[in-house]
Amino acid sequence: MALNFLQSDCPLAIIQDVISRVDAISDYGYANELSTTLPPRPSRSQVLEYITRVVDTLKPRCRVDERLYVVCGELVHLRIRTRNVEDLKYWLNSTEIALNEIVEKDILDHLDFIQRTLHAFESSEYRELCALGLQSALKYEEMYLAKMRGGRIESMGQFFLRLATTATHYTMEEPAMARVLVSGEVGWTYIFKAYFTALAGQVLIPATPIMLFGGRDCGSLASCYLLNPRVTDMNSAMLALMEEAGPILCNRGGIGLSLQRFNTPPKEGCSRGVMALLKLIDSMTMAINSDGERPTGVCVYFEPWHADIRAILNMRGMLARDETVRCDNIFACMWTPDLFFDRYQRYLDGESGVMWTLFDDTASHLCHMYGKEFEEEYERLEQCGFGVDSIPIQDMAFIIVRSAVMTGSPFLMFKDACNKHYHFDLRRKGAIMGSNLCTEIIQHADETQNGVCNLASINLPKCLAIPPPHTAGVPYFDFAALGRAAATATIFVNSMMRAGTYPTVKSQRGVDENRSLGLGIQGLHTAFLMLDLDMASPEARQLNKQIAERLLLNSMKASATLCRLGMKPFKGFEDSKYSLGELPFDSYPGVTLANRNAWRRLRTEIKQHGLYNSQFVAYMPTVSSSQVTESSEGFSPVYTNLFSKVTATGEVLRPNLLLMRTIRSIFPRECARLQALSTLEMAQWSVVGAFGDLPVGHPLSKFKTAFEYDQRTLIDMCADRAPFVDQSQSMSLFITEPADGKLPASKIMSLLVHAYKRGLKTGMYYCKIKKATNNGVFVGGDLVCTSCSL
């Protein structure tokens, strides 16, 4: 079958499009680099090989010519089309695609309409997708488009078709969901069109599991699982791994696993404490990821008073003393009570002898406490002598930071903030004990149910109103477009929640009872650049808050409308803060609302009718999904203006197209443009490093990277929008080493203290270090980085 398909004649339309793109390359002045030509009447295989040679030849030139980056992306899409099957029914019947029977039936029932929609897509949205760039095209080709036998691959239209059809079917099952999604006439074609337009137009970007498995009889659609089993020894741990963690990992779900109650210190008969369990989890994760499919991961959650905390912090990389305790395939997160930072602040204020006490399982009840109750019980246990060890608070802080910088773990979250701002009063239920793999999901998990979250993000550059070329208008942010996108995303994720199957009974129970949404954003920095705003400017900071507020408002409004139209609120609504008329931002002081009247009306509606979902907004990292949009990741500034990574298949390049186009506009002479790019290259693509401190308003001054912004400003921007992010934000720190290569731990701790004082829930996801040298060493009280996580 492979020989027959790939050796068949390539469709003439594809050949003509390939020739057109190659002509454009010649027009750009690169004809001499195209050493080969297509043979007459080429086969699909010959066209594939030709496109690959052209792209591989021109890829290095993308560093200096953004037009080639776009054309190479268009060529990769032509490579995709060369492998597409024109017969829709072949795709429908493919055993590799394994379409769900319900999805297949819906497509066949509306086949004429769908074929017209796909034809229109080919001549409109698809052209825009093809012009995004090389990384977008490669990500679709290599990861998201399902593969079939004989070298075939599903088309872009078929990809969006299976997602839109799946969502449409489960939306149509509930008339209220359909009525919230579209105004006016409600019918299958109207619902499908709404979803297909949002997906194909890249306004709504589903999470990776939905893109991979949506509409198919394989995989799970949920992204995040939070597990809090009652694990106190190896027997209970093995049971939890086999019954819960194993099935979830095999379904490619990411896990956050609370293990604080496994707190028996090393002793006779138990020589390695919790480290033996962590080694087992590490090996399990490595084995499951060895098949080459979508990798998954585990983050284990511990509080900093755990008896084995120092061993946990030394389990990765060069900090591990030997292979028996090395756990490079999992991450750790410090689930940190306020008391820890209060004591560290006392040390900063000059108090001597401030200690931090470690406890074993005699203090396991501290897991269930937070706030004043935790503080009083912790200090009582100290006074009663139950501690197993005491460490100077600054030494404990140093160990945490050293591990984060040298190994990428631990992450750090603030236990009290996560519990205080939750939508239930947890003093009756017991405290939340952990988050998910990426530190943005806040849910109460216990022995009876897992926390589960289904994710999607809004591509903010698609919410800009862009005036036609050669007109006097300027771009502006369209809040109405964001509001529509938020409502669509709310119904879409609810539909996918209903469509999904879950690996374990406890996971299914968590979905059924909480209906937790995780709606986030991507392309915040890209949107600011398109609006000609520096990310740290007052205008950008104001817009940053307004975006989060509108996202929460319209998502909650859609959820409340579902209940007003007859759907039942989530289980436990009557016991939640929502039933009292409290909204997520009410627990934050001094919040200014841009939509005060809308919130007042919504507050009344929620009290009267309820909320279908219990949670709404989570600012997740969008590492993979933002590659298909060519937007900046999540809410972070870009890490670099030219991403370059060498992989087994060659170099991956992703230039900042907005920067490249700006340089072309201000340096119209080719020699001047190339000189500017050469200067940038020597400065590691730092505009500041290449051209110095440019005046405010200069066309290049806004192109700073994450490492060039004051990290306190980025933390403040997280705090500004925190009242409207009812879950959390995967906030990373971006630190540049000093020229001498010595990075004091106190510098990073000062940022964590700032995040704590600003009331964030996540203090540090990754600590990304831009190295000054490659000769990092560890001396005295200073940290010198030894790895770079770019």
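Just so you know, glycine gets a Cβ as well, placed from its N, Cα and C.
Per Swiss-Prot, these features apply:
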ACT_SITE  Asn436  active site, proton acceptor
ACT_SITE  Cys438  active site, cysteine radical intermediate
ACT_SITE  Glu440  active site, proton acceptor
BINDING   Thr208, Ser223, Cys224, Gly254, Asn436, Leu437, Cys438, Thr439, Glu440, Pro621, Thr622, Val623, Ser624, Ser625  substrate binding site
DISULFID  Cys224-Cys453  disulfide bond
SITE      Cys224  site 'Important for hydrogen atom transfer'
SITE      Cys453  site 'Important for hydrogen atom transfer'
SITE      Tyr765  site 'Important for electron transfer'
SITE      Tyr766  site 'Important for electron transfer'
SITE      Cys785  site 'Interacts with thioredoxin/glutaredoxin'
SITE      Cys788  site 'Interacts with thioredoxin/glutaredoxin'
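Look at Thr208 (substrate binding site): DSSP puts it in a helix.
Counting other CB atoms no more than 10 Å from each candidate's CB, the recorded sites Tyr765, Tyr766 peak at Tyr765. For the recorded positions Thr622, Ser624, Tyr765, Tyr766, a Cα-Cα cutoff of 10 angstroms around Glu440 (active site, proton acceptor) retains Tyr765.
Ranking the recorded positions Thr208, Asn436, Thr622, Ser624 by other CB atoms within 10 A of the CB puts Ser624 at the bottom. Ranking the recorded positions Cys453, Tyr765, Tyr766 by Cα distance from Cys224 (substrate binding site) puts Cys453 first. Under DSSP, Asn436 (active site, proton acceptor) is assigned to coil, being neither helix nor strand in the three-state scheme.
A distance of 10 Å separates the Cα atom of Thr622 (substrate binding site) from that of the residue listed as 'active site, cysteine radical intermediate'. Here the Cα atom of Tyr765 (site 'Important for electron transfer') is found 7 Å from that of Cys438 (active site, cysteine radical intermediate). Residues Thr208, Ser223, Cys224, Gly254, Asn436, Leu437, Cys438, Thr439, Glu440, Pro621, Thr622, Val623, Ser624, Ser625 are recorded as binding substrate; their most distant pair of Cα atoms lies 18 Å apart.
Cα of Cys453 (disulfide bond) to Cα of Thr208 (substrate binding site): a span of 13 Å. In this structure, the C-alpha atom of Ser624 (substrate binding site) lies 13 angstrom from that of the residue listed as 'active site, cysteine radical intermediate'. When the alpha carbons of Asn436 (active site, proton acceptor) and Tyr766 (site 'Important for electron transfer') are compared, the span between them is 14 angstrom. Less than 8 angstroms from the CB of Cys438 (active site, cysteine radical intermediate) sit Cys224, Gly254, Cys299, Met620, Pro621, Ser730, Tyr765, each of them six or more residues away in the same chain. Under the DSSP three-state reduction, Tyr766 (site 'Important for electron transfer') is assigned to coil, being neither helix nor strand.
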